[in-house]
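Here it is: the structure, laid out below.
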Amino acid sequence: MPSDLLLVLPLLLPLYGALLCLAFWQREQWQTVMAGIFQVAWLVAGMILLQRVLEAEVISTQVGNWPAPFGITLAADVLSALILVTAGVIGLAVYLFSLQGLDITRRRFGYYPLLLLLQMGVAGVCLTGDLFNLYVWFELLLICCFALLSLGGTKGQLEGTLKYVTINFLASGLLLTGIGIMYSLYGSLNLAELAMLVRQPEHPNLPLLSMVSVFFLAGFGIKAAIFPLFFWLPASYHTPPVAISAFIAGLLTKVGIYTLIRLFTLLFISDLGFMLPLMVVLAALTMLIGVIGAAAQTDFKKILSFHIISQIGYMLMGLAIYTPLALAGSVFFIVHNILVKTNLFLISGIVAQRYRTSSLKRLGGVYLQQPMLSVLFILSALSLAGTPPSSGFWGKLMLARAGLEAGEYVLVGVSLFVSIITLFSMTKIWNEVFWKPRPVSVRKGSLVTPVNPLRLWQLYLPVTMLLGVILLIGVYARPLVRISEQAAERLLHIEPYTDTVLSNKAVK
Amino acid sequence: METLLPLMVGTLFAVGMYFILHRHLFKVILGLILFGLATNLFLFVIGGLTRGGSAIISGEQQVATEPYADPVPQALLLTAIVIGFGIQAFSIVLIRRVYMTFKSNNVDDLNKENEHH
């Protein structure tokens, strides 16, 4: 397959999928079939792209055939393809879950097209080679996310979406401001050309670059939920049904971190002496505050929401240490975390659907009734906490080793301490939801939804699938570690990226 | 103009921010719109203000004659206006739904509702 097509397919497939779904508006069976076909196709397209960039390192194309840096550049390296594949895996899992896990009204009124368009936005953010297009793709992704969060319009959802919309609008404003300043300083928006320009030490505007970087750190910091910009996350992520929140919670903050990693390795390298110590502090505080917040919660989904913040700290930690091993650790951790977090959210959805609550005080005794689900949960939870030999362990091992090598002892100490608290928090969920007997007051009401074996099996399927991938990464980590190292290598040595993008002139 | 516009941008940012932090939902809408306007105006100003110099290249020439207005910030601006319009339209509908559902236009009432559960 030509590389031009490979780069465009992850954008076109969800778009066509969404359009076809819209053509079958309200006919939910047809929509389901269409969305399923395009989910699989998207995953396959991502996999082919990953395989290609593992050989060719960077591939790029110019949409509309205008030569770079004037045209619309699409470029993929190992990191972007890896995020795409991971997004494809959870997209498929969430799709499978939604077949039984989401009510028919939401599925009829636009769930599938919105999910597909959201995936198109994610693919656009990963593949774009242009700073302004990055902003446009992010807006596309966000507006689908707004609509998905408020789909159904229950009270909690509306309240959560309002907060989410307002804070993200502010973040987008900051980004746009930063992009404007960047253009006025360097006169270009193409990432590859900018990367060349900011590496010229004699450029008169170089000292002003750190000001721009603060705009991007704040803007994407809000979207990635970094301390102290995370308060919107636990206020909005637990409100929609789990088939929606699992995808959003699993992926979107990591897309923010991906962009930060991309920009701070490609563009804002001139003032790392100031930015990296700042990021070390931010990473440590993000981890700590997230996990402390989780300890105070008594709601299954809210605990998981706070853990998203805490894990974002680990990903930022890799960027803050800024060595090849640390960045590789970050990349590995992002992949691991997208999978595990989505899986835990899906499990919380199965529990909430059966018992009609996600409050720890009203749940209990799930282990007796659904031992299979309990096993699925405990394996995912241990993976999140990072006990060996799970996938989380390898990510944390890489990060901790890189931290010790770089002499960041306090940061490593904090990260290990946070791991223990994470384990404590997961044990709390295990004790309260699965292990303790069901509260007597609740038992009388008998709110348990009757089990239909086929239905239950359909809910277990995506969770088992994701857990299979997580366990595979855990026991057989070497391939993913190697891919992560390759991705980190590309991040720190950008010559192949700039060469490929800028030499890719228009075909006559 | 060069001194007036930055002052206006600053004022718009400040007023927009103030309104977004307001507890009245209608003022949140105003805040979102003003903040969007501030960003757009900022983008326009920082692209450089050139009067009466269009970037249109006439027949025989290869490049536009100096001084000409840089068309890129204007293109960005147009895109940003459209995107901002979309998001503002969505948030107005959202806030209307919030108002209809909660029967209140006070942000504080939203949280009260939450504590009852």
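All positions are counted from 1 along the displayed chain.
Keep in mind that glycine also has a Cβ here, set from the backbone N, Cα and C atoms.
So TrEMBL has the following annotated:
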- A:32-50: transmembrane segment (TRANSMEM)
- A:109-128: transmembrane segment (TRANSMEM)
- A:129-422: domain 'NADH:quinone oxidoreductase/Mrp antiporter transmembrane' (DOMAIN)
- A:134-152: transmembrane segment (TRANSMEM)
- A:164-186: transmembrane segment (TRANSMEM)
- A:206-232: transmembrane segment (TRANSMEM)
- A:244-269: transmembrane segment (TRANSMEM)
- A:275-296: transmembrane segment (TRANSMEM)
- A:303-325: transmembrane segment (TRANSMEM)
- A:331-352: transmembrane segment (TRANSMEM)
- A:364-386: transmembrane segment (TRANSMEM)
- A:406-426: transmembrane segment (TRANSMEM)
- A:459-477: transmembrane segment (TRANSMEM)
Do at least three C-beta pairs under 8 angstroms join the transmembrane segment (A:206-232) to the transmembrane segment (A:275-296), pairs 6 or more apart in sequence?
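Contact between the transmembrane segment (A:275-296) and the transmembrane segment (A:206-232): present, because at least 3 Cβ pairs are under 8 Å.
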Going along the chain, which residues at least six beyond the ends of the transmembrane segment (A:303-325) come within the CB cut-off of under 8 Å?
224-227, 230, 233-234, 237-238, 249, 253-254, 257, 260-261, 264, 272, 276, 279-280, 282-291, 293-294, 297, 331, 333-334, 337, 341, 344-345, 348, 360, 384, 395-396, 398-399, 401-403, 405-406, 408, 411, 415, 418, 422, 425, 428-429, 485, 488-489, 492
Counting Cβ pairs closer than 8 Å, which of A:275-296, A:364-386, A:459-477 has the most of them with the transmembrane segment (A:406-426)?
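The listed stretch sharing the most Cβ pairs with the transmembrane segment (A:406-426) is A:275-296.
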Between A:134-152, A:244-269, A:364-386, who has the most Cβ pairs under 8 Å to the transmembrane segment (A:331-352)?
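Ranking A:134-152, A:244-269, A:364-386 by Cβ pairs under 8 Å to the transmembrane segment (A:331-352) puts A:244-269 first.
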Quick test of the contact rule: Cβ under 8 Å, at least six residues beyond the ends. What residues does that give for the transmembrane segment (A:109-128)?
7, 10-11, 14-15, 17-19, 21-22, 26, 31-32, 34-35, 38-39, 42, 73-76, 80-81, 83-84, 87, 91, 94-95, 98, 102, 134, 136-138, 140-142, 144-145, 147-148, 151, 191, 243-244, 247-248, 251, 255, 258-259
In the same chain, who gets a Cβ under 8 Å from the transmembrane segment (A:364-386) while lying at least 6 residues past its ends?
307, 311, 336-337, 340-341, 343-344, 347, 350-351, 354-355, 392-393, 395-396, 419, 422-423, 426, 429-430, 432-439, 442, 448, 460, 463-464, 466-467, 470-471, 474
